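*Asks:* Have a look at this one.
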Amino acid sequence: MSVEEAALALWAKSGNPFHPLLAHMLDTAAVALAVLRMEPPRTRALYAEDWGLPEEGALAWAAALVGLHDLGKASPVFQAGWEEGKERVQRAGLPFGELLDWVAHGVFTELFLRRLLKEKGLPERAANDLAAALGAHHGFPANAEEKSRARRHLRTEDPLWKEARRWLLEEVFRRLGAPLPPSQGNGEARPEAVLRVMALASFADWVASDPSLFPYGRDPRRGDYLKEALRLAQEALNRLGWPAFAKAQRREFGELFPYIPKPNALQESVPALLEGACTPVLLLVEAPMGMGKTEAALYAHHLLQAGLGHRGLYVALPTQATANGLFPRVRGFLERLGEGSRLELQLQHGTALLNPHYAGLLERAAPRQVGEEEEGGAVASAWFSARKRAMLAPYGVGTLDQALLGVLRVKHHFVRLWGLMNRVVVLDEVHAYDVYTSGLLQALLRWLRALGSSAVVMTATLPPSRRRALLEAWAGEEVEGQDLGPYPRVVLVGEGVKARSLPPAREVEVALEVLREVDVEPLAQRLKGALPGAVGAIVNTVDRAQDLYRALGEGTPLTLEELARRLGGISGGQAWEEVRQALPERGGEVVGKVLTDGTLVFLLHARFPAEERALRGSVVLALFGKGGPRPPRAILVATQVAEQSLDLDFDLLYTDLAPIDLLFQRSGRLHRHERPRPEEHARPRLLLGVPEDLDFGKPLYWDKVYEDYVLLATWRALSGRDRLRVPGDLEALLEEIYEGENPESFPEGLRERAKKSLKALQERRDREANTARRLSLSELDRLLAYWDEGALVAQERLEDDEEKAETQRLLTRLGDPSVAVVPLFRVGEGLFLDREGRRRAPLKGEVSREEAEALFRRAVRLSRFPLPQELLKEEPPPAWRKSGLLRGLRPLEVGRVFRSGERAFQVELDPELGVVYLPV
């Protein structure tokens with residue numbers, strides 16, 4: 001038989017009917033072409049620029065490469081995997097010799113394309129990089145051992161197999177009409193060009209491999225096969241909700257933010273700085289809370305999208321709670337921007353499905369009944385809601401971690417980067433990250449610029465060295481010596497650097513009172529003595545928050561229903577609406593306690609099960625936020641969850657000593673809004689807890705949360721002060737503490753300790769910075785450099801939701817291992833979600849979607865040693881492993897004891913306190 005007949009006999013998908021290999025290759029190429037034709041002109045221009053070809057030629061070239069992703073299936077190893085298909089291939093004249101051990105087809109794809117692309121005329125380096133990229137379409141490039149095993153097979157292979165593969169490659173190029181790109185200078189393909197093909201191959205394959213979208217059995221010999229495949233591809237993208245790009249018309253600020261009567265100085269500076277921008281830019285906004293940074297960033301996105309043709313927006317925040325809080329605001333903005341058109345918007349973090357606003361968008365995107373029109377406005381299509389695909393949606397709100405996974409070699413990291421390509425990426429609260437995460441952030445900024453994206457970086461506070469590192473990561477050169485003006489400021493880095501200083505929205509003088517007695521009992525008395533009013537206490541650890549809540553006194557558990565009754569009903573803003581919606585089903589849940597004098601006391605931290613934490617967060621925002629009824633006597637005890645992005649407003653605030661930037665963040669929760677206040681709280685006052693002996697270790701454990709030196713330096717800078725100007729004093733204090741690190745300036749009794757703690761801090765910073773450089777794609781040319789230290793992650797073959805303790809540290813945050821658990825109560829012989837034994841936990845058999853969601857809503861992440869280490873050794877129930885929602889969770893029986901040496905603790909779940917560790 002002929003080479004053509006042999007090649008056409010090869011199969012890609014088994015079954016009756018089967019799907020020929022050439023057919024699947026053309027299907028995948030068609031999806032790639034259809035995707036690119038729906039993308040903005042600027043995305044297509046990037047592909048053309050990558051390869052030095054006219055636009056149509058560049059798209060055909062990229063699509064042809066994508067089609068070749070499965071060329072490795074044209075191998076005896078793969079074709080022997082289905083007996084019926086193997087017999088057909090043998091009848092077509094392709095012999096099977098001795099088959100050695102199994103090798104994944106992606107490994108063969110790389111080896112085959114290295115040779116064939118060079119034969120085609122591509123320079124060796126470009127051919128090798130593209131071959132490795134296309135071979136990685138299932139998540140990872142091949143490692144040396146895999147390639148060695150594959151080469152052993154090739155040494156005994158019949159030459160007809162090579163001819164069949166060469167015919168397939170030429171046929172794909174012929175059908176697509178794909179030209180060869182002109183030789184690129186040094187013979188290399190730029191890393192961003194390789195990534196654009198690499199990612200497109202992966203997700204085009206996901207679509208083309210769905211038999212409900214691309215039925216098997218279609219004959220690729222037909223002359224109109226590619227035309228039909230393009231029709232199916234377009235229909236598939238329409239069904240999945242892939243949006244066609246619509247050019248944005250420039251709108252005025254007031255049209256998009258009608259609730260703001262007049263833009264402030266920050267918001268007015270954005271269009272002025274962006275005027276004339278013709279290339280992607282970095283916009284750095286340094287300003288305190290309350291200056292409208294979010295609206296400024298969203299308006300910057302609109303102007304950049306209208307001016308440069310960016311494909312969409314991703315807003316990255318430090319926590320799930322902050323992402324949840326911003327999601328409805330971004331949705332409202334996009335719907336005003338879209339004026340009724342359909343917009344694909346995803347909420348991207350691990351517990352997004354618990355968010356009622358996001359659940360509503362998933363419902364809106366569900367297929368309509370016959371005769372029903374599709375709804376306009378924001379929707380969340382199910383296809384994009386899958387973890388690996390969410391970043392492909394043009395609009396998203398989520399955690400920074402979801403973006404940072406793009407610069408770590410987790411499975412399909414390159415798909416995330418493609419999703420961020422030619423987009424406006426807003427990075428909020430960048431002051432909240434450690435040195436390691438900041439190193440990953442710098443790598444992300446380098447990639448965003450290379451991929452044609454713009455970035456808006458927002459921060460309340462930033463030490464000069466951190467600011468410089470971020471600006472230089474984008475600019476690719478030193479920006480030392482640039483006069484950026486005083487704080488608050490906006491800095492634009494484009495073809496040059498421009499900066500504009502702003503008048504603060506308000507200058508608040510906060511009275512500062514230091515409490516040297518930090519034990520919870522006297523602190524509780526001090527807080528109660530400050531009533532009436534809305535009093536807040538932000539402490540540094542969950543254990544301390546629980547202890548302070550207890551010390552405030554015995555009380556009656558406060559249910560949601562009782563809270564509504566005491567307030568005379570539920571009305572007000574968004575947070576109150578969430579509380580109102582929860583009332584019918586969750587009215588009996590405990591959200592706090594009532595003291596004998598009528599004081600309402602609330603507790604908020606991260607050790608509540610997810611649904612309880614979310615409900616408590618809504619209650620806290622409703623009671624201590626901007627609108628709605630405000631109880632006359634209320635105390636909130638919280639951890640750091642209250643210092644980031646939550647619009648809280650206290651009459652009086654206590655805080656444990658923390659780094660100076662975080663103290664300013666916390667002080668921003670004082671007198672945030674104009675409202676009547678008790679006379680004794682007419683002026684904002686901050687109570688600062690500093691232990692008399694300056695011992696931040698056991699039993700406070702503040703040194704486990706913050707660096708000893710930074711706490712000492714913050715205290716040294718604040719001692720003797722009785723007031724703070726917010727934000728007026730911020731920049732000078734930041735410079736003194738973070739840039740003027742000089743232990744010799746400390747009092748004699750602290751000097752040696754300061755020297756030791758500064759040395760430890762500098763060593764940790766160096767370690768974290770080096771770790772970030774090693775493990776991330778810190779430079780673009782490390783995309784396929786799997787021989788270097790960054791290959792550690794690839795060698796682990798990490799999923800991006802990996803739960804193994806030994807590999808967690810390689811992800812986006814350094815720190816102690818943790819595990820997400822579902823607390824279960826033993827009642828009789830069974831395990832239940834509730835202590836009364838009404839909701840049995842599904843541990844065997846199949847788990848329905850409703851059961852999985854119920855378990856997921858009860859999850860809580862724990863890190864107390866040795867709990868994660870022990871639980872991560874245990875296999876989750878088999879049914880949980882099959883569920884995308886549950887596979888990272890472990891069941892934890894309440895009351896279980898964990899031991900480490902002579903220490904032991906028992907895990908309990910208290911309805912008021914959350915997860916508690918009791919010594920035994």
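The backbone N, Cα and C atoms fix where each Cβ goes, glycine too.
Just lifted these from Swiss-Prot, have a look:
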{"type": "BINDING", "residues": "His24, His69, Asp70, Asp205", "note": "divalent metal cation binding site"}
{"type": "BINDING", "residues": "Ala287, Pro288, Met289, Gly290, Met291, Gly292, Lys293, Thr294", "note": "ATP binding site"}
{"type": "DOMAIN", "residues": "14-207", "note": "domain 'HD Cas3-type'"}
{"type": "DOMAIN", "residues": "274-480", "note": "domain 'Helicase ATP-binding'"}
{"type": "MOTIF", "residues": "428-431", "note": "motif 'DEAH box'"}
*Asks:* Measure from the CA atom of His69 (divalent metal cation binding site) to the CA atom of Thr294 (ATP binding site) and give the result in Å, rounded to a whole number.
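*Replies:* Each residue's Cα considered, Thr294 (ATP binding site) and His69 (divalent metal cation binding site) end up 41 Å apart.
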*Asks:* Sequence-remote contacts (6 or more beyond its ends) of the motif 'DEAH box' (428-431), Cβ cut-off under 8 Å?
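*Replies:* Distant contacts of the motif 'DEAH box' (428-431): 293-294, 297, 315-318, 322, 326, 438, 441, 457-462, 466, 470, 644-645, 661, 665.
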*Asks:* Same chain, not part of His24, His69, Asp70, Asp205: whose C-beta falls within 8 angstroms of the C-beta centre of the divalent metal cation site? Give them in sequence order.
*Replies:* Ala12, Met25, Thr28, Val66, Gly67, Lys73, His137, Ala201, Ala208, Ser209
*Asks:* May I ask which of the binding-site residues Ala287, Met291, Lys293 is closest to Asp70 (divalent metal cation binding site) if we compare their C-alpha atoms?
*Replies:* Lys293
*Asks:* How many whole Å apart are the CA atoms of Lys293 (ATP binding site) and Asp205 (divalent metal cation binding site)?
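*Replies:* For Lys293 (ATP binding site) versus Asp205 (divalent metal cation binding site), the Cα atoms are 40 Å apart.
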*Asks:* Taking the Cβ of each of the binding-site residues and counting other Cβ atoms inside 10 Å, which one has the highest number: Pro288, Gly290, Gly292?
*Replies:* Pro288
*Asks:* Counting across all protein chains present, how many other Cβ atoms fall within 10 Å of the Cβ of Asp205 (divalent metal cation binding site)?
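*Replies:* Taking every protein chain into account, the count is 21.
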*Asks:* What does the DSSP secondary structure composition of the motif 'DEAH box' (428-431) look like, as residue counts for helix, strand and coil?
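*Replies:* Result for the motif 'DEAH box' (428-431), in helix, strand, coil order: 2 helix, 0 strand, 2 coil.
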*Asks:* Return the member of His24, His69, Asp205 nearest to Ala287 (ATP binding site) in space, with distance defined Cα to Cα and candidates limited to these binding-site residues.
*Replies:* Asp205
*Asks:* So among His24, His69, Asp205, all listed as binding-site residues, which is physically nearest to Gly292 (ATP binding site)? Use the C-alpha atoms.
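*Replies:* Among His24, His69, Asp205, Asp205.
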*Asks:* Hey, how far is Met289 (ATP binding site) from Asp205 (divalent metal cation binding site), Cα to Cα, in Å?
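*Replies:* Computed Cα spacing between Met289 (ATP binding site) and Asp205 (divalent metal cation binding site) is 44 Å.
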*Asks:* Going by C-alpha positions, which of the binding-site residues (His24, His69, Asp205) is nearest Met291 (ATP binding site)?
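*Replies:* Checking each of His24, His69, Asp205 against Met291 (ATP binding site), the shortest Cα distance is to Asp205.
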*Asks:* Around Met289 (ATP binding site), how many other C-beta atoms are within 10 angstroms of its C-beta?
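*Replies:* Other Cβ atoms found within 10 Å: 21.
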*Asks:* Would you mind reading off the Cα separation of Pro288 (ATP binding site) from Asp205 (divalent metal cation binding site), to the nearest angstrom?
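*Replies:* So the Cα of Asp205 (divalent metal cation binding site) lies 46 Å away from that of Pro288 (ATP binding site).
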*Asks:* Counting Cβ atoms within 10 Å across all protein chains shown, which of the binding-site residues His24, His69, Lys293 comes out on top?
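*Replies:* For the binding-site residues His24, His69, Lys293, the Cβ with the most other Cβ atoms within 10 Å is His69.
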*Asks:* Give me the CA-CA distance between His24 (divalent metal cation binding site) and Gly290 (ATP binding site), in Å, as a whole number.
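*Replies:* Counting only the Cα atoms, the answer is 54 Å.
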*Asks:* Could you give the Cα-Cα distance between Asp205 (divalent metal cation binding site) and Gly290 (ATP binding site), in whole Å?
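*Replies:* Here the two Cα atoms lie 46 Å apart.
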*Asks:* Pick out which of the binding-site residues Asp70, Ala287, Met291, Thr294 has the most other Cβ atoms within 10 Å of its own Cβ.
*Replies:* Asp70
